[in-house]
Amino acid sequence: MQNKSLAKFLIGCLVIAFAFYIVFFGLEIGTASIPSVQKVIRYGLDLKGGVYIVYEAAKENPTRREMESALQLIRTRLDMRNFYDATATIQGSKRIRVEIPGVKDPDEAIQYIGRTALIEFKGPSGDLIVSGRNVVDAYAQQTTSGYVVALKFDKEGTKKFAEGTKKYLGQNIGIYLDGKLISNPVVRAEIDSGEAVIEGMKDLEEAKTLAQQIKAGALPFALNVIESKAIGPSLGNEAFKSTLKAGIIGILLVFLFMIIFYRLPGLVADIALVAYIVILVAIVGYAKITLTLPGIAGIILSAGMAVDANILIFARLKEELRSGKTLRAAMDAGFRRALNAVIDSNVTTIIAGIVLLFLGTGPIKGFAWTLTIGIVVSFFTAITVTRFLLTSIINTGLFKDIRWYGGKKTREVDA
Amino acid sequence: MTKIDFMGKRKYFYIVSILVMVVGLISYFVQGFNYDIDFTGGTVLEINLHKVPTAQEISELEKLTKQITGTQTPIVRKVEDGKKIMINAHEVHGKNKTELSKQTRDKLFGEIAKRYNLKKEDLISYQNVGATISSELKSQAIWAVVIASILMLIYIAIRFEFRFGTTAVAALIHDLLIVLTVYTLFKIPLNSTFIAAILTVLGYSINDTIVVFDRIRENRRIAGKMELKDLVNLSMNQTIGRSIATAMSVIVVLVVLYTMGVQAIKEFAFPLLIGVISGTYSSIFIATALWFDWELSTRKKKLQVKPKRA
């Protein structure tokens with residue numbers, strides 16, 4: 001019984017140590033391998049430097065589908081410029097957030113991604129004939145009259161364009177780019193081929209650019225830049241190093257604090273905290289949750305909250321021991337009676353975390369994720385890992401003196 | 001076990017809290033909040049000067065910023081080791097008071113670079129925020145707090161009782177006001193991390209309050225005909241050790257973060273530190289005391305009613 005308990009305790013510690021090793025250093029057996037968390041973790045821009053840009057649809061209540069096609073378009077543009085590390089995500093109902101690591105100047109990046117041009121054909125009185133959403137192709141061409149951009153409409157667009165050119169025969173049809181008139185040709189014949197050209201391009205380069213913009217702008221709305229930020233890589237690096245260092249020192253101090261105040265249970269809590277950190281870091285790393293600066297703060301803070309669950313249990317344990325119970329009975333009572341407080345206090349904090357998840361954006365979301373996951377994990381480790389290890393070590397019968405459990409005077413307690 | 005008469009001294013703690021809030025209120029009317037561009041819209045530039053600027057130089061930099069951007073009250077402040085500065089400004093020449101154009105920004109940095117002999121990479125970071133996003137952020141912050149509080153109140157009302165829920169949320173509002181006092185008093189910029197800080201404080205504070213309430217709830221079941229005051233004092237004395245231990249372990253981490261962290265973390269850690277201290281204090285002296293007074297007043301009423309019936 002006693003040897004078995006000791007074995008249980010040691011095996012528990014070994015499992016945690018092994019998991020720690022795998023997560024932080026990776027594992028390779030033959031061809032199978034688990035990458036270390038450093039290799040897979042996704043760092044936020046504030047940790048590695050770069051640029052972010054928030055675009056907003058210039059239209060009230062765009063549909064989800066419209067937003068998704070806009071997103072797809074931005075992704076294509078990013079790939080075209082070889083920004084394979086960049087991410088683009090829909091934020092809320094009408095915004096798209098683009099993050100490009102390693103780039104220094106947002107204005108340059110905005111140029112790179114390119115403005116998405118909305119092309120519109122309007123009649124003399126300003127009525128819309130057909131817009132970019134009906135354009136299926138746009139390309140640059142050299143003709144006898146110079147460089148032009150040739151457009152191809154879809155079926156609906158072909159019909160609309162034919163109607164428009166019939167109606168305004170001999171009059172002007174304005175070609176607008178993002179609301180700006182760029183060309184105002186006179187309609188000389190009804191066009192039902194579904195093709196149109198924009199004339200008056202300076203050179204092939206200009207024609208190519210416009211064609212690309214129109215293709216990109218084959219959207220029901222234009223996108224405006226409403227927020228942009230550049231973070232220097234040196235700042236990101238420095239921030240990460242100092243925060244990590246602060247975090248490690250802070251957690252080591254907490255470890256020390258637990259051992260001093262709660263002795264043997266404190267040591268057990270520290271081992272459980274290592275398990276907590278391993279699980280949390282593994283989730284954040286392998287589930288590809290972007291780690292931001294506030295995110296690290298969330299981890300460190302939830303570590304503090306994780307300690308609280310253990311403190312609650314051990315404070316109870318101490319009390320029960322004082323009232324004369326045996327170790328086993330005191331421990332059971334300690335866990336049982338602390339459970340209510342642990343559940344209630346954790347749930348309320350999770351409520352705050354979840355509200356933050358839904359209402360927060362960008363870095364705040366990173367904080368909310370790590371805090372919420374952290375609390376769930378800490379609850380799990382406090383009631384399972386701590387309990388398993390503590391039961392095992394008490395059952396070894398090696399630590400009977402009440403001073404091992406934070407008592408002030410030497411006294412033997414029965415297991 | 002400690003034997004402190006917490007409830008007997010509760011009036012003093014009410015006074016302390018009210019005094020701090022009055023200081024906050026005065027500070028708010030005198031200097032207001034330091035809204036960061038996350039809330040006002042505009043541009044923030046972070047520049048490495050490689051030397052600590054004097055107060056004279058700071059005011060010259062502010063004058064320069066005003067001149068180039070037209071911002072009425074540009075803010076220039078030292079950050080981190082003091083050799084770096086942050087400049088808050090917005091474009092006034094445009095139609096809205098929003099972010100600086102590339103031109104204006106380049107001109108401003110160019111002038112500063114000339115004075116301090118800086119290179120291009122000394123412009124560490126800059127951020128542009130439009131006016132719409134910032135007004136949304138403001139309402140987002142208020143909603144986050146309101147929604148979180150209501151949900152917490154509902155949860156506690158179900159798990160405990162309505163009276164516990166109400167006083168716990170009252171203690172939350174207390175902590176919120178204390179943290180806001182710190183923000184206005186020390187002119188900490190209100191930005192998006194402010195929301196995270198506020199909500200963390202709420203989460204922590206309620207966590208702490210619940211542990212104390214949990215003990216009162218439990219003791220009430222087993223204590224029989226104990227005097228209410230003794231029962232509350234007993235519960236407080238039983239949980240005070242744990243309250244301090246938990247607060248200490250969180251405070252230790254926050255202090256280390258504050259002393260070692262970069263500017264963004266410092267601005268986050270400081271209000272959190274205050275919030276945790278306030279949260280611990282309020283769960284003991286405010287939440288429990290308010291609950292106690294409320295409970296006491298209804299009991300007295302009951303006692304007054306009974307003789308009439310008889």
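Cβ coordinates come from backbone N, Cα and C, glycine included.
Curation plays no part in TrEMBL annotations; they are all automatic predictions.
The shown structure was predicted, so the numbers you read here are calculated from the model rather than taken from an experiment.
If you look up TrEMBL, you'll see A:7-27, A:244-264, A:271-289, A:295-317, A:338-360, A:366-390 marked as transmembrane segment. What TrEMBL records for A:67-123 is domain 'Protein translocase subunit SecDF P1'. The domain 'SecDF P1 head subdomain' annotation in TrEMBL covers A:128-220. Taken from TrEMBL, the feature domain 'Protein export membrane protein SecD/SecF C-terminal' applies to A:223-392.
Among the recorded stretches A:295-317, A:338-360, A:366-390, the one sharing the largest number of Cβ pairs closer than 8 Å with the transmembrane segment (A:7-27) is A:366-390. Across the domain 'SecDF P1 head subdomain' (A:128-220), DSSP helix (H, G, I), strand (E, B) and coil residues number 29 helix, 38 strand, 26 coil. With DSSP states grouped into helix (H, G, I), strand (E, B) and coil, the domain 'Protein translocase subunit SecDF P1' (A:67-123) comes out at 22 helix, 16 strand, 19 coil.
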